[in-house]
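Inspection log for the structure reproduced underneath, given as structure tokens.
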Amino acid sequence: MVVKVGINGFGRIGRLAFRRIQNIEGVEVTRINDLTDPNMLAHLLKYDTTQGRFDGTVEVKEGGFEVNGNFIKVSAERDPENIDWATDGVEIVLEATGFFAKKEAAEKHLHANGAKKVVITAPGGNDVKTVVFNTNHDILDGTETVISGASCTTNCLAPMAKALHDAFGIQKGLMTTIHAYTGDQMILDGPHRGGDLRRARAGAANIVPNSTGAAKAIGLVIPELNGKLDGAAQRVPVPTGSVTELVVTLDKNVSVDEINAAMKAASNDSFGYTEDPIVSSDIVGVSYGSLFDATQTKVMEVDGSQLVKVVSWYDNEMSYTAQLVRTLEYFAKIAK
């Protein structure tokens, strides 16, 4: 049985999700909705500065484009309620615009001739289940209509924090994500559409402090850590490839080797482990949602009290997209 997917919003995440779905048997994209001209969408699908050229053929046709011989309809509806997903057999919508990230807004895809399920590619709030695959995807029972795939940083932080908490117990902690610049920053100094004075500065020429909800949102993924973590972001001049540092106090004293052993034991398809001295360009395109770096683990002890730092890499584009697609595929399999 083939699960048919619709993508609303064909930006960075929408296009990369489309790429990954091409390699998954039993899942296919049959419709894309985006306000941009199909010629532009096709061009941006074919050519990608950070992720490389699309491995396949893309041809613009009337009403959409043809990818590897398969026609995908492209529409340009502003209101999700006006997208006739059912005509193209769409069962699950990947909501990737950023504008319909709350449950009530995302549910518009389910109205009229809509789809059956929605996966939001952003934090969705307290009234939807927030899923980080291979960390808490077992909270899904298939009856849900709208779920959230959290954020790219939460997908990096969550598996590392869970492994640390399961093994040693986290008391409290602060995280910092050293994050690639994104499309919501200016290329050159100029007014920021959201009024942010720092994101108004040239993204490729500055380290730009920014907020992140990833640490606080961890409670939606790992309830035992609710209220125990906080954090911030520093946007840096790289186009993709980010890293998260987590500094915590634990319930018990530990060694660097014990921490690394626990992380290695917890590794899986979503949570990688490396002892190589890598840099940010080395993780561009990786499919791990989080890649733990054992070379950066630190334990500081003063008067018997310890402070622990752990570090994990992520491609804030592809790592996150890979996790979203894993979640979507699983959600489709258990759907009721």
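Quick reminder: no glycine exception, Cβ is built from N, Cα and C everywhere.
Quick caveat, the model's predicted, so the values are computed rather than measured.
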Write down the one residue from Thr135, Thr143, Thr182, Thr249 that Swiss-Prot lists together with Ser151, Cys152, Thr153, Arg199, Thr212, Gly213, Arg235 as binding D-glyceraldehyde 3-phosphate. Thr182
For D-glyceraldehyde 3-phosphate, with binders Ser151, Cys152, Thr153, Thr182, Arg199, Thr212, Gly213, Arg235, what's the maximum Cα separation in whole Å? 19
Maximum Cα-Cα separation in Å among residues Arg12, Ile13, Asp34, Arg78, Thr121, Asn316, which the record lists as binding NAD(+): 27
I'm trying to understand the geometry here, so how far is the Cα atom of His179 (site 'Activates thiol group during catalysis') from the Cα atom of Arg235 (D-glyceraldehyde 3-phosphate binding site), in Å to the nearest whole number? 5
Provide the number of Cβ atoms within 10 Å of the Cβ of Ile13 (NAD(+) binding site), excluding the reference atom itself. 24
